[in-house]
Amino acid sequence: MCLCLSVLFIYIVYQKIRFNCLLMFLFCFCVSRCKNLFEVFGIFLLFQADSSYLYINKLYIAKMDQMSPDNINGVILAVSSSIFIGSSFIIKKKGLKKAGASGVRAGEGGYGYLKEPWWWAGMITMIVGEVANFAAYAFAPAILVTPLGALSIIFSAVLAHFILQEKLHMFGILGCILCVVGSTTIVLHAPHEQKIESVKQIWQLAIEPGFLVYSAVIVVVVAILIFYYEPRYGKTHMIVYVGICSLMGSLTVMSVKAVAIAIKLTFSGTNQFKYFNTWIFILVVATCCLLQINYLNKALDTFNTAVISPVYYVMFTTFTIIASMIMFKV
């Protein structure tokens with residue numbers, strides 16, 4: 001009860017919406033009659049619907065009018081990507097569970113899941129989502145695209161609850177809500193992207209001292225996690241697997257941004273693949289993606305999907321925003 005009322009208070013302050021005493025009394029009464037947190041959340045949404053719709057709608061229209069067409073295209077692609085990626089977590093987890101039942105589990109170093117159709121179906125779904133995400137980075141800044149991954153959390157958490165029977169507890173629901181609120185705030189106040197004329201321009205940003213130091217620190221930390229902490233604590237502390245994926249993910253996003261812009265400019269008539277810089281970015285993307293896939297499989301096989309998804313999203317988004325701020329100075 002106290003948690004629900006706390007969430008209500010935070011939401012009211014954030015939206016600057018005032019409830020009258022009668023509505024507050026009715027809300028508390030309905031909450032007291034609820035049997036579980038899902039019913040509480042439903043009542044909360046019901047009472048919020050009429051009062052918050054007008055505010056959100058006005059804010060959304062005002063902000064969308066200020067967004068550039070490229071940013072809007074990027075948002076649409078990023079949302080589509082999140083739906084596919086969120087679903088892929090569940091499909092891959094089913095494949096990992098089936099493979100683990102008949103062989104060595106991925107969390108213990110096995111690769112039997114490569115023979116499992118469910119895992120490949122999840123992988124294909126994830127590739128489709130990543131392609132849409134890849135395209136989104138060609139239109140919108142990373143600081144806008146990455147936070148929209150919050151939607152994938154909602155899909156994976158809800159599907160995990162109903163399909164994998166992994167219970168989503170109250171703090172998991174609260175975490176999902178806060179992720180969505182934070183992502184919405186970032187999207188509505190996203191900066192306009194600076195004009196990029198060639199991959200060489202991104203290369204110059206990537207070799208500046210600030211980003212080189214950041215990249216070096218990331219590589220060193222990931223190496224320590226892989227060679228020291230993963231053998232000792234990987235199976236008991238999910239932060240090891242998630243940390244490796246999130247840290248490398250921030251470098252992946254910056255390289256994906258470069259490759260996506262290279263493709264966009266090439267289709268516009270300016271060939272960017274004649275520069276060696278483009279191929280270096282492609283090599284970084286391939287290396288980082290393979291590393292992330294390997295350790296994400298281990299994380300999904302070892303820990304609860306409903307917990308992995310929010311933690312991975314928060315860490316990945318945080319490091320990506322930091323990398324974007326350092327590289328693009330936004």
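Quick reminder: no glycine exception, Cβ is built from N, Cα and C everywhere.
Note that TrEMBL annotation is computational and uncurated.
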Feature transmembrane segment in TrEMBL, mapped to one of the ranges 72-91, 92-111: 72-91
Chain residues outside the transmembrane segment (307-328) and at least six past its termini with a C-beta under 8 angstroms from it: 86, 89, 141-143, 146-147, 149-150, 152-153, 156-157, 160, 172, 175-176, 179, 183, 193-194, 205-206, 208, 210-211, 214, 218, 238-239, 242-243, 245-247, 249-251, 253-254, 296, 299-300
Long-range neighbours of the transmembrane segment (118-136), counting only residues six or more past its ends (CB under 8 A): 73-75, 77-78, 80-85, 87-96, 98-99, 145, 152, 256, 259-260
Leading contact stretch, 143-164, 211-229, 275-295 vs the transmembrane segment (241-263) - CB distance under 8 Å: 275-295
For the transmembrane segment (72-91), sequence-distant contacts whose Cβ falls under 8 Å of one of its Cβ atoms, 6 or more beyond its ends: 64, 118-119, 121-123, 125-126, 128-133, 135-141, 144-145, 148-156, 159-160, 163-164, 187, 300, 305, 308-309
